[in-house]
Every structure is written in C-alpha cells, then in structure tokens.
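Annotated features in TrEMBL:
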{"type": "BINDING", "residues": "S233, N265, L330", "note": "Na(+) binding site"}
{"type": "COMPBIAS", "residues": "516-526", "note": "compositional bias 'Pro residues'"}
{"type": "DISULFID", "residues": "C82-C91", "note": "disulfide bond"}
{"type": "REGION", "residues": "479-537", "note": "region 'Disordered'"}
{"type": "TRANSMEM", "residues": "6-26", "note": "transmembrane segment"}
{"type": "TRANSMEM", "residues": "47-70", "note": "transmembrane segment"}
{"type": "TRANSMEM", "residues": "150-171", "note": "transmembrane segment"}
{"type": "TRANSMEM", "residues": "183-210", "note": "transmembrane segment"}
{"type": "TRANSMEM", "residues": "230-247", "note": "transmembrane segment"}
{"type": "TRANSMEM", "residues": "259-284", "note": "transmembrane segment"}
{"type": "TRANSMEM", "residues": "318-339", "note": "transmembrane segment"}
{"type": "TRANSMEM", "residues": "360-386", "note": "transmembrane segment"}
{"type": "TRANSMEM", "residues": "392-414", "note": "transmembrane segment"}
Amino acid sequence: MFPYFIMLIFCGIPLFFMELSFGQFASQGCLGVWRISPMFKGVGYGMMVVSTYIGIYYNVVICIAFYYFFSSMTHVLPWAYCNNPWNTRDCAGVLDASNLTNGSRPATLPSNLSHLLNHSLQRTSPSEEYWRLYVLKLSDDIGNFGEVRLPLLGCLGVSWVVVFLCLIRGVKSSGKVVYFTATFPYVVLTILFVRGVTLEGAFTGIMYYLTPQWDKILEAKVWGDAASQIFYSLGCAWGGLITMASYNKFHNNCYRDSVIISITNCATSVYAGFVIFSILGFMASHLGVDVSRVADHGPGLAFVAYPEALTLLPISPLWSLLFFFMLILLGLGTQFCLLETLVTAIVDEVGNEWILQKKTYVTLGVAVAGFLLGIPLTSQAGIYWLLLMDNYAASFSLVVISCIMCVAIMYIYGHRNYFQDIQMMLGFPPPLFFQICWRFVSPAIIFLQAQVHRRLPQNPLHFGSLPERNVLLHQLPQRGGVTKHDPPAPPSPARTYKPQVRALEVPRARRQRSPSPAPLGPPSSKPHPCSAAGPLSWDCPVQNRHSLARSSARLLANSYAAGPEARQWEPAP
C-alpha cells in the first residue's frame, strides 16, 4: 500500500484539487475551460474521447452485473454445481462429490479438495464455466464474433434505460439519485464485512491483504499499478471532475471537498479490500490452499472467484444478490458522470438557445449511440474487444492528458494567474504544498512514470488462464523465426479490482447556462451533485502457462530451419 499512498498524496489529491478548481472557476465543461489557452483545447477533446470509450464498454460491465443479479434470484446459484448442461468433464466444484466428472449434489463435501486444486491445469470451477460457456459463450478467436448474446443485449438495454432516466433532467435529477447510489454500497459493504470476518479463515485472508511484499517495493511496475489505480479511482483526466465542478457555486470551498473526497475514496478502497479478502480467506481455508491460489484480478475476481466463494456461504443467493446489486450501483454512479461529461461538452460547444432547451434530446441521442456501439461487445467475442478497450483506450492516455494539463495551466496560463483566480474564488490562495506539487512534483512524477511505463516489457495480452482457451490478442510474426509482440499502444499496468465508492456533497440550487459561453471569470453558481467516479478498473492477468507465443515461436523457428519456402508461412487470419 506504500506506493498507493505516495501516489495519492503527491499526484492524486493535487490533481483532484486542480481539476475541481479549474472547472468551478470557469463554470464550463471539459471543452469550454480551455478558452484560457485555445491551443490546448485538444486536451479537452482527449478527455471526451476517453469518456466515450469508457462509457461504451463500462455499461457492458454493468449489464453483466445485471445478468448475474437476475440469475441470483433462485434457490440454488447456477454456478454452484457441475451438473448443468454447459459444464464439461473438467468441471470440479467445491460442492461436488466428483473431482473431474459431472456429478449430482453431494451429501458431504469431498475430502481431498487441496489435491483437486493442485491439478489446476485440468480443473475448472463451475463459476468459471458458467462465466465462459454460458454467460459469454466465448468464441475461440477475437475475430470470430459469433452471435449476439440476447440475454446480455437485453441487460445492456436495461442499463442504458436506467442511466437515461436518471439523467433525463441533467444534474438536477442525477443529483437526487446519487444520494442512494453513493450511500447504499456502504451498507452492503458493511453487511458483507460483518459476515466475512465471522467466517473461519477470514483472518488469514485479511493478513494476506495487509502483509506488504517489501522485495517488490523497487519494481517499476508496482509504482505504475499504484498510479493507475489512483487515476481510475479518483477519475483524474477524464473530464468528469471538471464537468461536475462547473455546477458548483463560485465560492464553494472545493479545496475542502477535494481533500475529503480523495481521503474517503482511498479509505473506501481499503475497506472494500477487507470485505473481499475476508471471503477469499474463508474460501482458501475451506479448500486447504493458500489465499494466493483463490485470489484473482478483474473479471476473474468479480465474476468468477468471488461468486464461487459466495456459494460456500449459507443462503448464498442472498449474499449474491447483495454483492451484484452493489456492483450495479457503483457502476451506475460512474456512468452518470461519464454521460453527463459528454452531454455537457456537446451543449457547451454548440452553445445556442435551441440545444440548451433540448438538452434531454442530446442525452437521449448519446444514450442511444452508446447502446448501439455496445452491441458488438455483447457478442461471443465481445469480451476480447472489451479487454482491448480497457487496456489501450484509457490507460496511457490519462497520463499524457494529466501531464499536458499541468504544464498548460502552470506554465502557459501562468501559475501566478491561476493562484490569483483561486484566491478570488475561495478567499485564500492554494496551500504551499499544492503550489509545489502543481508546478514541479506532480508533472515530474507523471512524466517519470510515463517514461518508465514505456520501457517496461510489453507482454502480449491474453484472456483466460486455461491453455486450450487462451487467446493471444496481439502477436505478429517476424521474419527470421522469432515472434514479435507489437500491440497498438502500450498496455496499462494490471489494475486490481476494488469497488470504489465516492463521497458526494449535497447538491445545491442549479443555475441556468447562458446561450453563449461567458468570459473566464466569476460566473453564477450551479450545484455539484456528484464527483467523478473511477471505473471498476480491472484487467485480465497475463498467464504464462503453455503460452501460445512460445508455441508460435517454436513453429516459426522450425519453419526457418526447414528452408526458405517454409519461411513463407503466415498465420491464418
């Protein structure tokens, strides 16, 4: 946690305060604020592009959570046993009587579960097969889209309808909804925490979560992961912070808000870690294996490992309903901010009287476009494209946007001008710590992290852990018998999923935007309904077992040794 807190103090909180004060002073969205320096308006467009990408695939994650929520409305969870039509002979659940074959509901638990878990290359859990073979019906290649999964498509439509209805009146309606979406997850987390810490083995899981690995403190990837988690959890460089702060009263104390929200967000992340690892500790104790064997990342944690752990609890459908309902609320809070960022930017950019009066139609148009663009992600190959977008669309770009924004405000617009603007707005200049961070520390750390990130080994992106179902998303053969991995953009560091809950301030009276943007100066006030939310930043870990890259490298090497004609081999599309 040490790198996480360092990044929070020297990058997270300063950048959060900068974006809040920037948007509050200008009372414009992520495009309008750059009238301070029109040559940097491309930064605003970059924020819009990032929010567009995330808004498209993030609602697909919400729709999967909806699907699991509806599937939990049963007496027995469908991923608890291996006696379903979609299960294979390799399925072996912790509640099944048979290790490697399908079986019926057992009267007693198997006696040698640790031996079962040690054969991880042959064993697949019922929750993993439910995720792959039933929910996704996963295809064998990123180019093989297969059919659109109609249940997921229906859930995607439900999620977009919910988002639109909550934003039908802009921040005036969403500000009321977030009272519930921002507070109720704390209730669910507390219920799951109380239940988790009372289980056998919970202390082991919590100690695994709290024990630092000091031998990795100097690894560049660890610091990159910490920076990535901070950017995603606080929502920096997305444009959402600027957009939502533009609805604040002009003299609102955004300095106080930024410190409280950032610390509350960090504390919630830590608290959620206790909830997750207490349950995983119980699962590890039940199976007789180490916690590291059951801990997973990203979708593997949200839709495979944690649901499997829930099957071991009494009244498991109840806990599953609570867990996925919490994920839905967290996702909707983030989606509100993403959609409002796009709508506000469009309305501010056009700026005429008609679009100000027809903002509801703009919201509807953005929602319909997001639904249509999300349909390919509900196909059998959709999870591959979702993974690509999550890794490449909004990872390294956030670092670039943040660095340029700091330089533009501090050195182009001028740090003295900006400090005077804050003093006029708040009644006091920014503290010395923030002045130093904005001018020197934060840009230097961001630039250094970007340079280190570029020099990290770029591994090919995989989905899945089973060799026969591994899909190498990027692999280009190179002449001479070696395999070259050439992704279109540097992949983001692996981000461990932790539910993020934002603290939101009480909405204030809304002001009407003027038809044409006013000069940068003291505007009239608007309410601040919510803060920008980071997504469920998750990533699929790269698995090295039976890597397809090694197989392809050996194939190319053999072809090279066979002669010039064999070297004309090209991979099948």
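For all residues, glycine too, the Cβ spot is worked out from N, Cα and C.
Automatic prediction, not curation, is the source of TrEMBL annotations.
Among 47-70, 150-171, 183-210, 360-386, 392-414, 392-414 has the largest number of CB pairs under 8 A with the transmembrane segment (6-26).
Of the two recorded stretches, the transmembrane segment (150-171) lies close to the transmembrane segment (318-339), with three or more CB pairs under 8 Å once pairs fewer than 6 apart in sequence are set aside. Over all protein chains present, the Cβ of C82 (disulfide bond) has 27 other Cβ atoms lying within 10 Å. Between the transmembrane segment (47-70) and the transmembrane segment (392-414) there are 3 or more Cβ pairs closer than 8 Å, counting only residues 6 or more apart in sequence, so the two stretches are in contact. The transmembrane segment (230-247) and the transmembrane segment (318-339) are in contact, since at least 3 Cβ pairs between them lie under 8 Å (pairs 6 or more apart in sequence). The stretch from 183-210, 259-284, 360-386 with the most CB pairs below 8 A to the transmembrane segment (318-339) is 183-210.
Its Cβ placed at the centre, C91 (disulfide bond) has 27 other Cβ atoms within 10 Å. Counted over every protein chain shown, other Cβ atoms within 10 Å are most numerous around S233 among the binding-site residues S233, N265.
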